């Protein structure tokens, strides 16, 4: 017997032993993707964690998920036609080398037994396979599959990774037209189409469930579920395999298949038919040899139909009428059945899998050949789909496809409206990372402003100006501008000229942002775009359609690069020409000259700038992301702030804007916008706050204790550069960092606000006030949740109201200065979770240096879609089962509590430092991690409250609440020796009489606050608070190198040539001043200096894993900085700036400098910000600012 025989027998075999059937169905339950059940006649959608793990298994095989593109093949049809059998066959063929089996190349196997063993080994390696029809006499007529199961084809994993453009996922859908019949999958796994209360919590891998509220169908029961399956699978599939075994009823069955497709097409936008339909005649009785031939079967099924299919179906008739009414050309109308197929599908095939018993000769060989032929047809269709998608936006990777799937689940569950693919994947969302990306985004913004001749003149003028800015930043000396614009660096083979950068930017604009200007006869322009998503289909706002290529709405000047070149030469010569002599200087012009030229050019277009703002492109240079947003809405990158702002007199490392350099708008009467940035040689100070519900009161009590020890009277946020919080800690972090300048942000008032939030949110569960007083509120709400009426124990409305009142309903997290006229200098991030608990996500008040490099960060270019502060608070604190998920209306994104992944955000905060400042990453001065109290055992969520979906999310949430364990893991393994000594953890134990404080027990907040106040008086805690305070006070001092300081290089260092980088110099000496971050002449500075007895420095060896400041490290003797006493007296008497001159010399690269301050109540000097550090690193940080 051949391997073909073993294959065919394995595929068509029906299991009849009940216990084995049960085991097979239980194993196959792990492959569930989604299904619909009924609870009290209400259809409920259940979604399982299947797609992500299947894609993760591809990553485990070495595939890069960012360049891997899944293809979905869906098998649909009437119950009992053998869909699961076909999926099983296709999966097995993916594991086998089908051609070798067909050619019998494995005939060298010793025996049939060996062949059977080899085949079974291949079969078992595939993983769970679909369970085929039961062979048990009592279940022969029953449907097999319940819902939709998803399987990953193993064929791609056997090839070389370099050839993997993607892989195939097979979706096996339950049979249609089953009515209320129970499937064998339900029978043998204990499931029910009508689910009893309490079963949800027992289901493994359940992501969530929710009622289907879309009213597209007036039908009830199973028909409504089948409609959901059809709409969803058609929308997301690349290949649809329609399976049938009834020749006599083929017309009505094809009508049903077309109805499902038509329903999906009617309710999707920007997604014209690119799918392949394969109609499979599977095991039909009455096999005729000629029907095995594909062309003959197509004639029988498709061409010989005498009935106009849509005239037998109201759904199809409505579709055809609607489609024809939306075509502006009669030639595009549907006139016959083939036209209908062509509208709904890109290609349509027919294929036959014969019944083995009907084949007279070579049964196994013939059947196997047909299975292999079907697999080949599917592979070709999948490859064609990938090829088509590679030309347009639909070339989605795993991450973007996962987001689209979640959006599709929710859309088809809740809405009867069209599913807009462009909107869901947001193909036109700017995500600039390079110079040319920023130029393309500028073109988008400029061309979307009210069109005028002035705007057309602005485009080459501004791009040319910003190319000059790039030249001044990048080049060490003045060069010929024509050479700069047209030439390519000989040192970098990947470099392109500025002219080519402009051409590439124009190409990107045309592909990603260009909109269609096709005019409809009924009025209005085509709304389908951009170019990469247009696909020669015009759509109007009223859903009219017309075919034809994209007609550019905004035509770029064909000579735009030439115009930019002319303006570049003009502006470059203006910048480098000496005002006094009128000659070109060979020296780089002074900064104030460049600033004057830039502002003169930019402010010519004030009216145009008023319509243009961006949160992802610094419009002042087109080279970086903006970080500081003025009241007018224009954002500036850090470098533009230093170049265009005026150095602020009250503070060090600060700049002011009285007017916007772009639009010329004044910031206000007698007011200038202050921007403070971390000094170039300073380190980073980080505060992290754990989640824990109302136990966040412990963190606020700890902050008050630290503030009392600090004693300077400045806002607590001013001691930190970055604050990261999770859940309740995220809300506290927002309150600390984003409080209004005019509001009193003392911790006592923040504490009062927190108590108000907590009591208003948790005082009453959704069951009502009376039942709560009777002690039944939580129980009754739990039961109500079990019926799907609520998704959370508490309503988030009171919390939302409190957050809006505190932060303001319209205050943006990223650009708060738009409404407040001032900017918060402390960066803040809150941890949340996206994609139904699958992915951690940060919502921040800042931009990372480069956007788009990871899935855990996002920035909306359009401020109207950006996060408000109160929205960020709701997003981070949406604890599963306690508070409902937060949905951002403008983007459709759904967020859960950040504790699902990072209840202790300290590890993530350390990683975030590198992402904010990737070049010359500052060292960590101090990290203060505040917890919400240690309990002997975390509260276990009651089983009743686990009802309602999100079972796995709930389990994960409660596992992650043990933040102390996360901290210990971080400190012992993740934290390097270089930062371990900078870590401070404050997380007091909760008193025994307060044990098991739940997240919602608001009435215990006062007791928890008193507990902290009492514990902090104990010597051990007083010592820890003192260490934190001293580290924060010391970090207020930092070293600032002199502006004109030239490094003294080692005698062994060669003199740099014009072609060598200055960064290769090995510096041995540097000079500058010790300064503070506090306001000059302020009371706070006076208080600080009264607590300082001296400044000192020494040398120490740098370890390979970082520079430690542990007491065990051997220092050289401390050297006092002699100028400190004199400068201190001058500052205290005359209120002059605090600047202590210093000069450091250290020729050895193996040693580092340590500058420290001695405080009155500290036993030893404490390192100032940015130290220890080598002279070479100090010099590198200094050069990075040039």
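A Cβ is built for glycine as well, from the same backbone N, Cα and C atoms used for every other residue.
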Given ranges 685-690, 691-696, 697-702, 703-708, the stretch to which TrEMBL attaches the annotation motif 'GXGXXG'
691-696
Check each of the ranges 720-724, 725-729, 730-734, 735-739 against TrEMBL and return the one annotated as motif 'GXSXG'.
725-729
Sequence-distant neighbours of residue 727 (active site, nucleophile) in its chain (C-beta under 8 A, six or more apart):
690, 691, 692, 693, 831, 876, 877, 879, 897, 898, 899, 903
Test of understanding: give the count of other CB atoms lying within 10 angstroms of the CB of residue 897 (active site, proton acceptor).
32
May I ask for the residues of the chain that lie six or more residues beyond the motif 'GXSXG' (725-729) and have a Cβ under 8 Å from a Cβ within it?
688-696, 699, 828-831, 876-877, 879, 897-899, 902-905, 930, 932
Tally the residues of the domain 'RING-type' (618-663) by DSSP class, grouping H, G and I as helix, E and B as strand, and everything else as coil.
7 helix, 11 strand, 28 coil
Can you tell me the three-state DSSP label for residue 727 (active site, nucleophile)?
coil
With DSSP as the reference, give the number of residues of the motif 'GXGXXG' (691-696) in helix, strand and coil.
4 helix, 0 strand, 2 coil
